[in-house]
């Protein structure tokens, strides 16, 4: 175990490498890789909002809602899941464990109240109260994201794209993971899925509440190997979930078989822990070797900078300068507003107000409304889309699972690919965002025209594009506006999702669906407790043609951001983090050098004292009279 000051106690006898299991376990748990592993588990349970279509039919049937009311409920779900400005502001002034604990409490309360309502254990709540419940429950997701994801990005700033891709990838897989677990625990009872969503994410956040924290940034050079190991494990998990989903739709599983499948999922979820232990042991071994074979320290001595000129007395200052200084001193509001419209260079730390009024943020926000709003509308309505096009229930469940798997694939692919392309080829992330928006139009058109058996491919495209947008959005925000207020700006970027969902899902898709359903029912409106259903291609045709046009508009607007940031992405956007880390390491090395010099001087002094004592003793023996006295 390596301690501050360069000593190593309990790690070895000096020559060999002896490992103390208890201290090494503490080292692992307090390391930054275990912190990342803990974030994986939190994220794997934080995406319950993406499986809303599985239990939305239970809400609709149990409480007698029509499609517009259900879409309104879905909007408040998206509102809660994406409006995390509150969690961001709290995280600016508190440690991450406070945010995680608050999120766990909100998750438990919101989803537990929904479960009690749809199972009849409480009186049917008013629509506004159900909207409040699902908004509070879904908002807990932003607390988990802020507490875990934002912390990981700050701990790994040079690999932010990869970190965002991996963590958001586990969020994308969470729907399929939660489905496997609820089959194993509760059987084929979709209402109990809401209960699982209530307690499991809250329990995981509480378990790792003190593990997630800001740590010292380390220079990493090229991408560390553990990231690729985590990628391969997550791909194995996604592949297994895909195979399990396909088999489960073809063959009826027993409860024990579902339990075995869930056990395999849990094993793959915990497998990254082996990578964490291996990496920590490698670092430990390297540290021990460095201590046993110290390298000479070279410290650069900088020339002192010339002193700044003293300010002139007020009597000798120009009247205009004095007036300006007095004006600024007396009007801090004017100064704040002036600074708001004088932002720093791209890549430096913007203030919150500077970022919010930035043209780059406005363009990015509008493009995200168009892109995420359309894909989220397709995801939330995938159950009703499959039903209207005549697909069987098993196929509809397959669509939802495929969206979850490909949601993961989009997040991981965009995170890793954008980081690699940016590092090697200076390929700007905003241009990759434009490509993703164009690709999503293919899925929207397949839904609009209802091509035979095309919903399978459409769900793949929609899931991939929805997932790919998030790592790109959050990485662009961190790169352009800095990491100082990233907690708040990260959550502000997510606000685009509920705005797009309300416009395209509630006001467009929900309204046009109900209008077509009324036509098919000869204008007869639904009665309480009945479901107003629309059958046929026309149910969603006009809606998704409108969504396609809006997405194309978003892609065109994003090209403006590509043009504005082309020079920024041609440079080395991570240079300042390497410089800061190198400076910190030099300061630390200089401090250790000073300590070693002091220790050396003390040791030399002690040796002189010992030598003097030995000389005096010899003098006594030579000159004494046999009784130990000096001559």
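The backbone N, Cα and C atoms fix where each Cβ goes, glycine too.
These come from TrEMBL:
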type     : residues : note
DOMAIN   : 32-277   : domain 'Nodulin-like'
DOMAIN   : 356-569  : domain 'NFD4 C-terminal'
REGION   : 602-631  : region 'Disordered'
TRANSMEM : 33-55    : transmembrane segment
TRANSMEM : 97-118   : transmembrane segment
TRANSMEM : 163-186  : transmembrane segment
TRANSMEM : 192-215  : transmembrane segment
TRANSMEM : 227-247  : transmembrane segment
TRANSMEM : 259-277  : transmembrane segment
TRANSMEM : 352-379  : transmembrane segment
TRANSMEM : 391-409  : transmembrane segment
TRANSMEM : 430-449  : transmembrane segment
TRANSMEM : 455-477  : transmembrane segment
TRANSMEM : 489-513  : transmembrane segment
TRANSMEM : 542-563  : transmembrane segment
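A mean pLDDT of 89 is what the model gives for the domain 'NFD4 C-terminal' (356-569). The listed stretches are 33-55, 97-118, 192-215, 227-247, 259-277; of these, 33-55 has the most Cβ pairs under 8 Å to the transmembrane segment (163-186). Distant neighbours of the transmembrane segment (259-277): 28, 31, 33-34, 36-37, 40-41, 44, 177, 180-181, 183-185, 226, 229-230, 233, 236-237, 240-241, 244, 248, 253; these residues of the same chain sit at least 6 beyond its ends, with a Cβ under 8 Å from one of its Cβ atoms.
Using a Cβ-Cβ cut-off under 8 Å and counting only residues 6 or more beyond its ends in the same chain, the transmembrane segment (192-215) has close neighbours at 29, 32, 34-35, 38-39, 41-42, 45-46, 48, 51, 54-55, 58, 95-97, 100-101, 103-105, 107-108, 110-112, 114-115, 118, 137, 140, 144, 147-148, 151, 154-155, 178-179, 181-182, 185-186.
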